[in-house]
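Here the structure is laid out as structure tokens; the discussion comes afterwards.
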């Protein structure tokens, strides 16, 4: 193969953007040396020809003139890559495709553009000249490599406010970096500067644009906080910890709620004992002075505190530290008596006699100048065992002590004593007494469990555990024996360890429930008899099952009998209560005893030999006034008048007397009341009256010995009876 020499002739192509035409406009003529040998046809392909954007470039097929059909925009496409082709009349290529690069040359048709409309930055107040503040930035779409069309220069057009100097800042014309050029930045004077920035292409000589640069002057701690006021006075009661004493206010010209403004307080003098603390209120920035512990009026009555204040941030310059003076007066209050020691330990035997002194526990009153009297009382005595003398604090045994009581823990009984002074108001101090009870041998050994099940033939011994609530040496080793005749059928033996006992049958017994009396002895000979409930089963060896004999369940009848007895007792108590309440009401008698004949029955004419019914119950004649029968008399027309209203019988027994008086008065004034052809009972005393029956009255043929003058004194209701028997003559 032999390399073929390239015969294309393609000069470089540069096309200015934004040309005015006319279009199409010739750019360059493409020629092949083969055109002398044969007729050549030319064509182009690529971007701008047959690829988007299509139709920008064309070529004359026979002459090879390449043309542009419209204005170009370098900012849109700055270079076009195309390929030229040469073919013969029969369509065969006569040249290799050749690359064509069309370069669009720039024109200054775009002005610079800032990347932001407003740039924001900050610089601390007091910054020295040369301190960098911020950077502004602008871009230009034009070419900044081959031309100056895209080369931007920055400048400051104006500054607001124009103090303390009209040119406080400068800008690097090439980079856009802003920096301080003059001293005197003071946030308390000017908090913010606004600069008008300009960007110009052609290195400052071309198109321009503007933007704003806002520079905030940040605060530094160049102002010391000051107390306002500088002197404080306060009073606090003694013995009050964490009590607010005073609030100290400060002023600071620095930016609020910044480290340069937030205050830090300290007590620099007068707080040698650490009685006070001071903190900063984060909301108000005030210094809050509090008591760290309770003050003692008797020890010190006044404090003079010196308080200093600084900021969280250190001072940017050398500044003096402000101080304030706080005078705190301590107010005297009635302090509670103080037990010494606050926890008293004592040891006593648990069997001390009642009234025996156990310990003396006293308190001292801190208010010595007041010479108050102290009274001692028990504050907490869970078991109620102790008593304390109100004047000298001597503690004695009120009840029998018991080391084994559930109120003790590890043989120690805790009680709380109170010491109350006679101040206004009284103050109470507390002291704790820990009373260690020394063990005595007051409990005998006990077996567990107390219910066993055993076979009556070849039984397996039942092993019981021995417990003793006392402490050594008042415990084991233990001894055991049977009592109350239990040894006739049972045997017992203490185990090798000394804390168990074995119980078994020595002769067969019928299946039943038995009581075995087991006596256990401790080392000191203290004994106790315990009843073991032994269920003997009809079996051999170890109990597998024990069928119980049927028995009559008497639980329900017993419960019913108990309920009946309780109800009967309640009924008796209720009757006794009613009787007592009746007797408490004392009423005047309705009639004098000598005039009261209601308990006597007189005979007013006998026409036969006596009553036919000798056992008539007089109670059947009794009816209340509210249930009396209607009586109709045929021989006399009843008067047309309203019947009286009778009061209903009250439920309260205490009002029975008033009930009788009111209804008797209503009956006496009732013109419709008897005597008619009816029978009334004026008083009935029950079955216990002297005249149990009307048959007890002897019949008489004459009533000459009777005096009926007293009937005139009985009122309107007996007027008719008095007329009948008052002045008539006896019939023969």
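Each residue, glycine too, has its Cβ placed from N, Cα and C.
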Would you please say which range out of 529-554, 555-580, 581-606 has the annotation transmembrane segment in Swiss-Prot?
555-580
Of the residues 410, 456, give the one that Swiss-Prot describes as N-linked glycosylation site.
410
Annotated residue, N-linked glycosylation site, per Swiss-Prot; candidates 137, 698:
137
